[in-house]
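Asks: Got a structure for you, written out below as structure tokens; questions coming shortly.
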Amino acid sequence: MHFMKKYLLPILVLFLAYYYYSTKEEFRPEMLQGKKVIVTGASKGIGREMAYHLSEMGAHVVLTARSEEGLQKVASRCLELGAASAHYIAGTMEDMTFAEQFVLKAGKLMGGLDMLILNHITYTSMNFFRDEIHALRKAMEVNFISYVVMSVAALPMLKQSNGSIVVVSSIAGKMAHPLVASYSASKFALDGFFSSLRREHGVTNVNVSITLCVLGLINTETAMKATSGVFNAPASPKEECALEIIKGGALRQEEVYYDSWSWTPILLGNPGRKIMEFLSMKSFTFDKLISS
């Protein structure tokens, strides 16, 4: 108790004051002008809206999704909105070779890469988990493993540009929900992996930011179909959600919260976890690993 009063509580107060009241840089659309950006899951929903916002800001975009017809329409609209360039490559993120090669091809098309926005998912219906190991494996591969594969492929280019990785996740990856066990597992995996990778970047002085976007229910066709009749909550607009994701990536924020409930970022932002992460870093010795 004495330790808490003397040390832990003052640290907590200082941390909270800094976290909630520190001056943050304001977003400006010019931040994306001429930037080279990959957007996955871009044929519809949040991905499509991000592609449109980026185009209005004058970015170069390379888009991917499974639907070539959908991508063609989105890319054409991107050029109309003012994209510096707009390309697309259709394919499935179940194929890890495609995931890797897409990033490399996109980099060649744009002559580099400034921002990798990972937004794709495999469709998962809401139901009780019983023995659907195949569905669990597919969710982990598409929603998580492919994100890692693409990040690994993109890192050499992002290191050159001091760029950003933007990972679109979910509240289901921060707190337990029923009926979405496989989906939730893949989203928790994103938080664990990319939050750890962010800490490693800090230790090794890699100037590539990682932004985890924690979303509530968004009014995309896929989400509305999946939740119909089993989950009743107000859905937030995909257009505004897409813009908040881009802002968070451009400002190099660690996390972005977007949900209809205003208390979500306060309750899930979890300053206690951040304090524990900060304190735990003092237990590691990295010299041997860095020099090897």
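Just so you know, glycine gets a Cβ as well, placed from its N, Cα and C.
According to Swiss-Prot, the protein has these features:
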type     : residues                                : note
ACT_SITE : Y183                                    : active site, proton acceptor
BINDING  : 41-67, 92-93, 119-121, 183-187, 218-222 : NADP(+) binding site
BINDING  : S170                                    : substrate binding site
CARBOHYD : N162                                    : N-linked glycosylation site
CARBOHYD : N207                                    : N-linked glycosylation site
TOPO_DOM : 2-7                                     : topological domain 'Cytoplasmic'
TOPO_DOM : 25-292                                  : topological domain 'Lumenal'
TRANSMEM : 8-24                                    : transmembrane segment
Asks: Indicate whether G47 (NADP(+) binding site) is helix, strand or coil by DSSP.
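Replies: Note: G47 (NADP(+) binding site) is helical by DSSP.
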Asks: How many Å lie between the Cα of S170 (substrate binding site) and the Cα of A59 (NADP(+) binding site)?
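Replies: A59 (NADP(+) binding site) has its Cα 26 Å from the Cα of S170 (substrate binding site).
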Asks: Within its own chain, what residues at least 6 apart in sequence put their Cβ under 8 Å from the Cβ of A65 (NADP(+) binding site), listed in sequence order?
Replies: T40, G41, A42, S43, K44, G47, L71, A90, H120
Asks: CA-CA, which of the recorded positions N162, Y183, N207 lies nearest H53 (NADP(+) binding site)?
Replies: N162
Asks: Fill in the CA-CA distance, K187 (NADP(+) binding site) to N207 (N-linked glycosylation site), as an integer in Å.
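Replies: Counting only the Cα atoms, the answer is 24 Å.
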Asks: Around the C-beta of G47 (NADP(+) binding site), how many further C-beta atoms are within 10 angstroms, looking at every protein chain?
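Replies: 29, counting other Cβ atoms within 10 Å of G47 (NADP(+) binding site).
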Asks: Quick check for you: of the recorded positions A59, Y183, N207, which have their Cα within 10 Å of the Cα of N162 (N-linked glycosylation site)?
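Replies: Checking Cα-Cα distances against N162 (N-linked glycosylation site), the recorded positions within 10 Å turn out to be N207.
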Asks: Output the one of H120, K187 that, of all these binding-site residues, has the highest number of other Cβ atoms within 10 Å of its Cβ.
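Replies: Answer returned by the neighbour count: K187.
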Asks: Neighbour count first, Cβ atoms within 10 Å, every protein chain included; then name which of N162, S170, N207 tops the list of recorded positions.
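Replies: Comparing the recorded positions N162, S170, N207, the most crowded Cβ belongs to S170.
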Asks: Three-state secondary structure of H53 (NADP(+) binding site) from DSSP?
Replies: helix
Asks: Please classify the secondary structure at the residue listed as 'substrate binding site' using three-state DSSP.
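Replies: Its secondary structure by DSSP: strand.
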